[in-house]
Each structure stands twice: as C-alpha cells, then as structure tokens.
Amino acid sequence: MKVIINGKEFDIPKGVRFGELSHEIEKAGIEFGCTDGQCGVCVARVIKGMECLNEPSEEEEETLWRVGAVDEDQRLTCQLVIEKEDCDEIVIESED
C-alpha cells in the first residue's frame, strides 16, 4: 500500500505495525521513542486514508490524551496498521 509520510513515499504491507518499520519511517522525519504506544513522541496527523487504518486502542487513546493530541486525525504513528487494501493511498504528516 502506498503511504506518503511528510512527502516521502513508502510501500507498507497490510497488517504490519508502522512501529516495526520505525528505522525506515524516521527517514521521513517522524521521530519515534518507545514504538509501543507509551511515550507519545510519534504523534502525527493522518491527512488521508484514516478509514484504511486500525482503530486506536484504549492505550493509544490514553497516550494521545496525555500528550494533548486530542484531534480525531491525530494518531501515534508507531501504532498504525493498514487493515484495508482497497485504498488509494494514505497520507501522514508529522506535527510541527
């Protein structure tokens, strides 16, 4: 699946948690910390394709709330998983 992160294109397969690819995704300017949804370092905005991604877990929602990321388009990049293949593309931008 085509995923564009801060303008850089990645091919990320369905079912793979983005945190497992942190070393690659960091090249697009997304910073990672713990990669397990606890630290909140990798908050980003899903600009396009949210419907293709997994729902946030309760743990992710708690972390987002704790770090002040309360908008519906904000997610922890490390917790994202593509669940649907019939999407055109997913676009993600890091927080400024």
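Cβ atoms are placed via backbone N, Cα and C, with glycine included.
Predicted, not measured: the structure shown is a model, and the values here were computed from it.
Residues annotated as domain '2Fe-2S ferredoxin-type' in Swiss-Prot: 1-95.
The feature [2Fe-2S] cluster binding site is assigned by Swiss-Prot to C34, C39, C42, C78. For the recorded site, C39 ([2Fe-2S] cluster binding site), the DSSP three-state label reads coil. A sphere of 10 angstroms centred on the C-beta of C39 ([2Fe-2S] cluster binding site) encloses 17 other C-beta atoms.
Annotated disulfide bond per Swiss-Prot: C52-C87, in sequence order, evidence recorded as experimental evidence. Cβ environment of C52 (disulfide bond): M1, I82, E83, K84, C87, I90 lie under 8 Å away, each six or more residues apart in the same chain.
Counting other Cβ atoms within 10 Å of each Cβ, the binding-site residues C34, C78 show the lowest value at C34. Each residue in G19, F32, G33, T35, D36, G37, Q38, G40, V41, L76, T77 lies on the same chain as C34, C39, C42, C78 and has a C-beta within 8 Å of the C-beta centroid of that [2Fe-2S] cluster site, without being one of the site residues. Just so you know, of the recorded positions C42, C87, the Cβ with the fewest other Cβ atoms around it within 10 Å is the one at C87. Secondary structure at C87 (disulfide bond), as computed by DSSP, is coil.
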